[in-house]
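Encoded as structure tokens, the structure appears first; notes follow it.
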Amino acid sequence: MYYSKCSIFQKPLRQTRFIQCMYVVGFMDLFGVSMIIPLLSHHIKSLGASPTVAGIVGSTYGVLQLFSSTVVGSWSDVVGRRYSMLTCLLLSALGYALLGLSTSITLFVLARIPVGLFKHSLSICRALLSDLVTETERPLVMGHFNAASSVGFILGPVVGGYLTEHEGGFYTSSFVCGSIFLLNAGLVWMLPWSDTQNRTDANANSSSKAHEQRAKQNGLEGTNHVRGEEPEAGLLQPAWRQLSSVLFRIRAVASSDMWDVFLVRLLMAVAIMLYYSNFSLALEERFALKPKVTGYLISYSSTLGALAGCLVGPVTQLYHNDMPALLLHSTVLTCSLIFLYATAASVWQVLLTSTFFAISTTIGRTCITDLELRRGGTQASGTLIGAGQSVTAVGRVLAPLLSGLAQEVSPCGPPSLGVVLALAAVLLLLVRIPKWDSKGRAKNPKL
């Protein structure tokens with residue numbers, strides 16, 4: 001068994017505590033963010049923005065994330081996880097504090113800029129965790145990290161909603177969110193980073209040849225990143241040298257043989273977003289459900305998604321670490337569930353699909369991230385995870401447009417289109433998986 005021999009709980013106590021602290025960082029990150037997200041549209045309208053202006057302003061964050069995800073991820077490979085994470089947390093805290101001072105549309109847009117550019121602390125956390133653990137441990141650790149983050153995302157709106165009921169509630173929520181990010185930065189600063197250096201060095205020595213071969217196959221050779229507590233190799237370099245290293249990594253990923261994995265991520269991201277895009281409106285029109293009941297259903301699904309993060313490790317063990325097969329099966333299940341939702345004849349069928357949909361999507365997201373790291377190697381894990389987030393950001397731009405067009409046809413239009421895209425992802429996996437080995441790496445990189 002994979003985890004009986006290499007469980008994270010068998011690590012030295014300080015390393016285990018470090019990983020658990022990363023779970024706390026992930027929880028606090030999404031807890032703070034989810035306090036603000038439900039309030040943004042109402043606040044921008046209260047500032048006098050028209051629906052069109054509100055839409056344009058709302059898209060600012062997504063566009064900035066699209067272009068900054070890969071750059072910041074690659075920068076974390078160059079200067080190290082500690083200093084890049086601290087930078088992201090502090091500048092995000094600044095952005096949310098400015099949001100609490102926004103009394104005009106201009107100030108609101110200015111406040112969203114540092115958040116859009118530097119709100120990548122979760123991606124850097126994932127890259128750091130991939131540095132700390134072995135390949136077989138990674139799905140378990142990533143699943144627990146995603147579960148902790150999801151719990152924060154569930155609890156945050158409750159606190160944000162409570163604060164909003166008081167006078168100046170939005171501004172209070174913004175300052176509380178900024179304070180949470182400052183606390184996160186303090187926690188990251190105080191962590192025992194010297195332990196991460198020992199761990200990552202051990203991982204590098206145990207699998208350096210395999211990583212070098214994999215990186216060479218995928219065009220990522222020479223992208224060894226600077227880990228934990230090695231600022232001299234990256235942080236103290238001149239700015240132009242850091243920029244050159246970042247551009248080299250981005251160019252290596254762009255020219256690598258990983259288009260199939262990124263395309264699957266894009267197709268499934270858009271399909272899942274289409275499933276949720278008009279969820280409340282569709283249930284009201286199809287089954288006359290009240291918004292309150294729909295809210296309970298969404299909370300139920302979100303809670304299951306958080307709990308499903310703890311299932312990733314056991315499920316991966318059940319599949320003997322065969323991530324391509326697990327990704328294929330989770331994608332097929334997700335496609336089937338979207339189809340069942342689109343054709344649901346009763347609320348109970350929607351409840352059933354929501355139950356398994358939360359589980360399948362949680363496992364699928366962990367699988368696709370793990371495959372990206374296996375295909376590219378951990379030498380450029382920050383760049384790879386950042387590139388994956390940029391692909392997802394493209395989906396966030398496309399999904400509202402496709403959803404609007406599909407809703408012109410029918411309330412079931414968005415999930416029906418999601419079925420088509422998920423089916424395309426399944427077909428792509430069926431074509432490409434025979435060209436991968438059991439670890440998800442290309443047998444022949446030229447194929």
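Just so it is clear, glycine is given a Cβ too, placed from its N, Cα and C backbone atoms.
Look at TrEMBL and you will find 18-439 tagged as domain 'Major facilitator superfamily (MFS) profile'.
Taken from TrEMBL, the feature region 'Disordered' applies to 200-226.
Annotation comment: TrEMBL describes 21-41 (among others) as transmembrane segment. Cβ atoms under 8 Å from those of the transmembrane segment (21-41) belong to residues 54, 58, 96, 99, 119, 121-122, 125, 128-129, 144-146, 148-157, 159-161, 163-164, 169-170, 173-174, 176-178, 180-181, 183-184, 187-188, 191 of the same chain, restricted to positions at least 6 beyond its ends.
Annotation comment: TrEMBL describes 53-76 (among others) as transmembrane segment. Remote same-chain partners of the transmembrane segment (53-76), defined as residues 6 or more beyond its termini with a Cβ less than 8 Å from a stretch Cβ, comprise 40-41, 44-45, 84-85, 88, 105, 108-109, 112-113, 115-120, 123-124, 127, 225, 242, 245-246, 249-250, 253, 380, 382-387, 389-390, 393-394, 396-397.
For 88-111 (among others), the entry in TrEMBL reads transmembrane segment.
Tertiary neighbourhood of the transmembrane segment (145-164): same-chain residues 22-24, 26-39, 122, 125-126, 129, 170, 172-173, 176, 299, 302-303, 305-310, 312, 362, 365-366, selected by CB-CB distance under 8 Å and a gap of 6+ residues from either end. What TrEMBL lists as transmembrane segment is 145-164 (among others).
Under the heading transmembrane segment, TrEMBL lists 170-191 (among others).
For 258-277 (among others), the entry in TrEMBL reads transmembrane segment.
Residues annotated as transmembrane segment in TrEMBL: 297-319 (among others). Residues 1-3, 139-140, 142-148, 150-151, 153-154, 279-280, 283, 289, 325-326, 350-351, 354-355, 357-359, 361-363, 366 of the same chain lie 6 or more positions beyond the ends of the transmembrane segment (297-319) yet place their CB under 8 Å from a CB of it.
The annotation transmembrane segment is assigned in TrEMBL to 380-402 (among others).
Taken from TrEMBL, the feature transmembrane segment covers 414-433 (among others).
Listed by sequence, the residues of this chain that lie at least six past the ends of the transmembrane segment (88-111) yet keep a Cβ under 8 A from its Cβ atoms are 32, 36, 43-44, 47-49, 53, 57, 60, 72, 117-121, 124, 170-175, 177-179, 181-182, 184-185, 188. Away from its own ends, the transmembrane segment (380-402) comes close to residues 59, 62-63, 65-67, 69-77, 81, 84, 120, 123-124, 126-127, 130-131, 215, 220, 223, 225, 249-250, 252-253, 262, 265-266, 269-270, 273-274, 277, 368-369, 372-373, 414, 417 of its chain (Cβ-Cβ under 8 Å, at least six residues beyond either end).
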